């Protein structure tokens with residue numbers, strides 16, 4: 001590949017010294033920066049080559065003294081490699097060779113060539129983690145499960161297929177290694193990051209693999225393969241983080257479809273799914289490609305003939321990919337491509353047919369929150385110069401606002417010019433920011449940039465304390481960083497701007513030399529991509545593949561060592577293990593080789609850069625127990641966060657807690673401080689909770705609404721730098737009803753009932769309401785489950801259990817009530833109000849129905865109007881000998897049924913305690929009570945006996961006469977009959 005220019009860190013330090021000398025000599029800051037920029041440009045033009053390094057594994061976390069480091073020089077002036085004595089190279093005069101460093105430490109590697117080349121400082125660890133996990137996945141559709149086959153491999157002896165992740169079974173060396181690890185007690189398991197579930201394998205197969213079966217999942221996709229702490233030849237296995245979701249469908253294009261591309265000469269355009277970065281789409285000036293495995297395989301994306309003209313097909317301006325379909329922006333018009341259609345979106349879908357400038361979607365995956373009422377949440381935002389649209393899962397849009405309304409909100413004259421530049425979602429899942437361009441007299445060459453934030457919770461717009469002046473022709477884009485606070489990175493073609501700490505720290509990103517124009521440091525190239533991750537890394541890629549690095553909350557950018565030449569067509573993206581990689585596109589190669597991915601060792605490159613810059617992290621360790629991005633908090637619950645920072649003595653660091661969103665919680669903090677061996681350790685325990693009491697309030701539902709919401713929090717050290725590798729933990733606490741929670745009565749199950757539906761009749765005298773006829777009821781087994789059959793006189797106390805999507809949580813210890821859903825009233829309770837400790841008369845169904853006439857029985861009594869009977873100040877005196885109709889786990893109150901007859905009862909149970917849950921927790925169960933056989937009527941018995949006796953006597957009389965007839969016919973008459981006379985012959 002053609003080569004690119006590269007300045008070296010030694011030159012950078014010299015230029016920094018030169019700039020300081022110029023400033024001390026009285027030269028203006030602007031002139032000093034111009035001199036330095038000119039020298040940087042000259043250096044980049046004069047250096048004509050680059051070099052890279054690789055290891056056998058795609059995972060650079062095992063970069064150690066055991067690794068075979070492949071060195072590769074790209075250029076024509078190579079002479080030899082300059083390496084330290086602690087390392088050995090196979091061939092010092094070969095541009096491609098292998099390096100081995102047997103001693104841990106920072107090793108300076110440099111090629112000797114015709115021009116002065118850049119040197120890298122490679123950090124080689126003496127790690128005991130040498131082996132890696134390998135896995136394959138088979139999707140099983142009939143039961144929606146996935147079969148994961150796992151084995152161990154050593155990158156230094158693995159097969160080529162294993163190294164490029166195309167192997168279907170282990171190689172011989174991997175099979176032997178896996179069996180040896182199994183003998184030593186190794187057993188892998190898959191751990192899901194979000195729901196924290198664990199899946200274990202069966203025994204090792206004859207092929208030397210473990211097999212794990214797990215269900216397909218769309219909301220728990222981040223997984224880790226872990227194992228026991230087992231070593232072989234002093235080497236352990238590294239944990240493998242990866243994404244595994246339900247199969248993402250790739251739409252194949254029928255023959256005859258036509259290419260859909262970006263304009264000729266445009267840089268590559270990339271879009272990936274918010275939660276599944278392996279599901280992506282790449283648009284080039286030749287073709288558009290789609291993948292579901294980070295471009296290990298791909299298909300072409302084309303347009304059906306007759307919909308777009310030739311010019312339109314080569315005018316793709318923006319693209320956004322979803323599982324439901326893909327949206328293309330062509331000449332201001334949005335087109336939707338799904339499995340069934342390729343169609344233009346217009347006013348019938350709620351969006352303008354022309355004039356659309358762009359669209360965006362959420363950049364951060366917040367599955368657990370977004371899956372709550374997902375159909376009611378927007379999935380993308382589109383905009384024109386004057387209008388902002390919100391798009392939903394059906395790809396229908398609604399208008400959020402327009403510039404006329406925004407002018408009124410901002411109190412701007414209608415004669416001012418206000419245009420929408422861009423729109424982005426915040427890290428807060430229900431907020432979006434609109435970037436506005438404003439000018440009163442637009443004849444000047446500058447314009448003011450404003451930001452307003454829309455809250456979907458309150459449906460309000462808020463103007464932020466942010467203002468930026470840019471040239472009129474500047475095209476501005478922006479992203480919200482992975483932060484609880486609305487931290488922003490913005491960029492035009494040449495500069496990067498920042499806004500940190502809720503718009504209180506605003507400015508322009510500069511390099512250590514003070515330069516803010518990144519194009520001047522990259523041969524005049526424009527900004528192509530800005531990639532952000534959850535750790536706070538921000539990579540700015542220029543069109544000529546020069547890359548800069550910015551750390552979140554840091555206002556300085558550093559230029560990274562050149563990795564790719566200036567003419568290669570590339571984009572940066574994340575692979576299935578959430579690591580940064582580079583995707584190359586070369587239209588001149590065979591079709592199956594046109595796209596190639598290459599891991600990029602970002603951390604190693606940063607360590608090499610920081611060696612010359614002298615940057616260091618102010619703390620040694622920052623730890624916490626925040627293992628999830630999403631926490632749910634119900635009434636009576638609390639969340640305890642443990643965090644700890646270790647730093648050199650006298651630095652005075654501390655842990656900062658920042659929050660954003662609804663202020664619906666209170667928290668307390670407990671600090672512990674320790675000094676030992678010149679280091680300070682601060683431990684902070686933070687407890688989040690609510691103090692609101694919902695009992696005895698008149699506005700129960702309104703009070704609940706005021707105390708529910710989403711609160712975003714982050715814990716961070718008070719000081720940090722570019723070299724701090726630990727990320728600030730960011731999480732959200734959703735206070736409110738958890739839709740996955742439900743209750744069940746112990747012993748009842750709807751799914752394993754073998755009975756069939758049946759009908760029964762309830763006597764009208766047994767109903768709460770008066771009816772003219774008996775009530776016939778159809779018992780639906782699927783709805784009510786199997787009824788529990790109770791013997792004569794047996795009482796029953798329901799034990800209520802609380803569950804969520806992961807199974808049983810606990811036994812409910814709160815008060816609850818129940819009622820028969822068909823209106824039966826022929827049951828009671830075994831304890832009285834007095835026996836349960838009541839001072840005043842307790843609430844009953846009869847009293848609540850009397851207080852709330854014309855209200856459905858389900859709403860007559862509940863947590864909204866519950867009043868306890870254990871205080872003189874609440875309620876009124878009355879008959880305490882009445883049955884107590886409130887139950888709980890500890891009061892031993894039981895349900896009683898009449899013993900004189902049998903009956904079928906279908907009950908609905910409701911949690912009554914107003915301080916137990918934001919959810920309306922109810923369940924249904926059925927009881928079949930077996931009563932005594934009722935005594936028959938005396939007259940009926942006498943009549944029955946009379947009939948039986950009459951029948952018996954009648955039979956006797958008839959049998960007597962029948963016997964006489966037979967006796968006379970066959971005995972008497974033959975004896976008295978004269979013999980017949982014989983005839984004579």
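Glycine too: its Cβ is placed from the backbone N, Cα and C atoms.
Feature annotations, reproduced from Swiss-Prot:
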- 87-101: disulfide bond (DISULFID)
- 130-235: disulfide bond (DISULFID)
- 275-365: disulfide bond (DISULFID)
- 439-442: disulfide bond (DISULFID)
- 617-724: disulfide bond (DISULFID)
- 737-919: disulfide bond (DISULFID)
- 753-786: disulfide bond (DISULFID)
- 838-869: disulfide bond (DISULFID)
- 91: N-linked glycosylation site (CARBOHYD)
- 143: N-linked glycosylation site (CARBOHYD)
- 292: N-linked glycosylation site (CARBOHYD)
- 502: N-linked glycosylation site (CARBOHYD)
- 517: N-linked glycosylation site (CARBOHYD)
- 565: N-linked glycosylation site (CARBOHYD)
- 749: N-linked glycosylation site (CARBOHYD)
- 830: N-linked glycosylation site (CARBOHYD)
- 888: N-linked glycosylation site (CARBOHYD)
- 915: N-linked glycosylation site (CARBOHYD)
- 920: N-linked glycosylation site (CARBOHYD)
- 1-35: signal peptide (SIGNAL)
- 36-937: topological domain 'Extracellular' (TOPO_DOM)
- 938-958: transmembrane segment (TRANSMEM)
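Feature map: Swiss-Prot annotations on the structure.
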residue : record                      : Cβ neighbours (10 Å)
143     : N-linked glycosylation site : 8
292     : N-linked glycosylation site : 20
442     : disulfide bond              : 14
517     : N-linked glycosylation site : 16
724     : disulfide bond              : 22
737     : disulfide bond              : 18
753     : disulfide bond              : 14
786     : disulfide bond              : 18
869     : disulfide bond              : 20
920     : N-linked glycosylation site : 13
>> Return the residues near residue 101 (disulfide bond) by Cβ distance under 8 Å, restricted to its own chain and a separation of at least 6 in sequence.
In response: 65, 69, 84, 86, 87, 88, 107, 122, 124
>> If you compare CA-to-CA distances from residue 920 (N-linked glycosylation site) to each of the recorded positions 91, 235, 292, 724, which comes out shortest?
In response: 292
> How many neighbouring Cβ atoms, not counting its own, are there within 10 Å of the Cβ of residue 749 (N-linked glycosylation site)?
Replying inline: 11
> Given the recorded positions 235, 517, 724, 838, which one's Cα is the least distant from that of residue 365 (disulfide bond)?
Replying inline: 724
> Taking all residues of the topological domain 'Extracellular' (36-937) together, what is their mean pLDDT?
Replying inline: 92
>> Using a Cβ cut-off under 8 Å and a sequence separation of 6 or more, which residues in the same chain sit near residue 838 (disulfide bond)?
In response: 869, 870, 880, 884
> Which of 130, 617, 919 (the disulfide-bonded residues) has the most other Cβ atoms within 10 Å?
Replying inline: 130
> How big is the Cα-to-Cα gap, in Å, between residue 275 (disulfide bond) and residue 292 (N-linked glycosylation site)?
Replying inline: 12
> Do any residues at least six apart in sequence from residue 439 (disulfide bond), in the same chain, have a Cβ closer than 8 Å to its Cβ, and if so which, in order?
Replying inline: 416, 417, 446, 447, 448, 472
> To the nearest whole angstrom, what is the C-alpha distance linking residue 786 (disulfide bond) and residue 565 (N-linked glycosylation site)?
Replying inline: 71
> Using C-alpha atoms, which one of the recorded positions 130, 292, 442, 502, 617 comes nearest to residue 830 (N-linked glycosylation site)?
Replying inline: 502
>> According to DSSP, does residue 235 (disulfide bond) sit in a helix, a strand, or coil?
In response: strand
>> Here's one to test understanding: among the recorded positions 130, 565, 753, whose C-alpha is closest in space to the C-alpha of residue 502 (N-linked glycosylation site)?
In response: 565
> So, in DSSP terms, is residue 101 (disulfide bond) helix, strand, or coil?
Replying inline: strand
> From the Cα of residue 724 (disulfide bond) across to the Cα of residue 919 (disulfide bond), what is the distance in angstrom?
Replying inline: 42
> Which residues, sitting 6 or more apart from residue 888 (N-linked glycosylation site) on the same chain, put a CB under 8 Å from its CB?
Replying inline: 813, 814, 815, 816
